[in-house]
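**Q** Handing you a structure now.
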Amino acid sequence: MISVMADEKHKEYFKLYYFQYMIIGLCTILFLYSEISLVPRGQNIEFSLDDPSISKRYVPNELVGPLECLILSVGLSNMVVFWTCMFDKDLLKKNRVKRLRERPDGISNDFHFMHTSILCLMLIISINAALTGALKLIIGNLRPDFVDRCIPDLQKMSDSDSLVFGLDICKQTNKWILYEGLKSTPSGHSSFIVSTMGFTYLWQRVFTTRNTRSCIWCPLLALVVMVSRVIDHRHHWYDVVSGAVLAFLVIYCCWKWTFTNLAKRDILPSPVSV
């Protein structure tokens, strides 16, 4: 009987967050759809083979590939939150619950805190992913290694009097490699690693007793991944910067939405002087 009542309370608790779950699911679907099924519009793409900004060498083996980026960002950030809430509870600040929304009866403070933390993190990841994917398609900027990806047809170039060409001169048979060359801005690696490591750093500083030195690995890891994208000729410097800016904006909005500082409600009004 008690277990049935507990299950009902948890169901009612999760219903309070249906809207957030829907956003996470919808944004994840939109991101996957944009990555798998959509490509940037190539009709208006024009480029010069003499442009040094897109004439870097194509590097097949990236320092940090897509899978490694997902593990370092999504996997590592969730693991830090889960591990701290489950096994390092002594590091959690006593007043952490005051920053959360009101907890229904029958739901423990520990569970409420862990659920809210992971919920905020997943909102950040999914919204950031959807926005990044959409912006890549809309902007359609060329990567630094685009010419090498394109493999220009020398015969078509010699038959043309123009110094500016379109995608029709590309001999690249692997369309995935070619179309990925049109999705430079913003950097997905940058937005993913900054959004997750930014949250992880902020979460540890706000809700745990870990000092700055113990959390400095978060921004350092993000910086390493960002620099690797420039070294691999996958992005221009402004691509990784724009990805980081987008990530910070998403962190700010989701943090404000999820965590509500209720401490001010507990402050008594100032006494009225007569």
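Keep in mind that glycine also has a Cβ here, set from the backbone N, Cα and C atoms.
What you are looking at is a predicted structure, and each value in this text was computed from that prediction instead of being measured.
Annotation comment: Swiss-Prot describes 186-189 as region 'Phosphatase sequence motif II'. The region 'Phosphatase sequence motif III' annotation in Swiss-Prot covers 228-239. If you look up Swiss-Prot, you'll see 34-69, 140-189, 232-237 marked as topological domain 'Cytoplasmic', on the strength of sequence analysis. Residues or ranges marked as transmembrane segment by Swiss-Prot: 16-33, 70-87, 118-139, 190-203, 215-231, 238-255.
Could you place these features in context, so I can see how deep they sit and what lies close by?
**A** DSSP states for the region 'Phosphatase sequence motif II' (186-189), grouped as helix (H, G, I), strand (E, B) and coil, give 2 helix, 0 strand, 2 coil.
Within the chain carrying the region 'Phosphatase sequence motif III' (228-239), a Cβ under 8 angstroms from the stretch's Cβ atoms is held by residues 53, 56-59, 62-64, 141, 143-145, 184-187, 189-190, all 6 or more beyond its ends.
Nonlocal intrachain contacts for the topological domain 'Cytoplasmic' (34-69), taken as residues 6+ away from its ends with a CB within less than 8 angstroms of a stretch CB, comprise 130, 133-134, 136-137, 140, 142-149, 152, 157, 163-167, 175, 177, 179, 182-183, 188-189, 192-193, 224-225, 228-229, 231-234, 236.
Taking Cβ pairs closer than 8 Å, the transmembrane segment (16-33) reaches residues 104, 115, 119, 122-123, 126-127, 129-130, 132-134, 258 in its own chain, all 6 or more past its ends.
Only residues 6 or more beyond the boundaries of the transmembrane segment (70-87), in the same chain, are considered here, and those with a CB under 8 A from a CB of the stretch are 64, 110, 113-114, 117-118, 121, 125, 192-193, 195-197, 199-200, 203-204, 208, 221, 225.
Tertiary proximity for the transmembrane segment (190-203) is limited to same-chain residues at least six positions away from its ends with a CB under 8 Å from its CB atoms, namely 69-70, 72-74, 76-77, 80-81, 117, 120-121, 124-125, 128-129, 131-132, 215, 218-219, 221-222, 225-226, 229, 235, 239-244, 246-248, 250-251, 255.
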**Q** Across the region 'Phosphatase sequence motif II' (186-189), what does the mean pLDDT come to, as a whole number?
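**A** Mean per-residue confidence for the region 'Phosphatase sequence motif II' (186-189): 98 out of 100.
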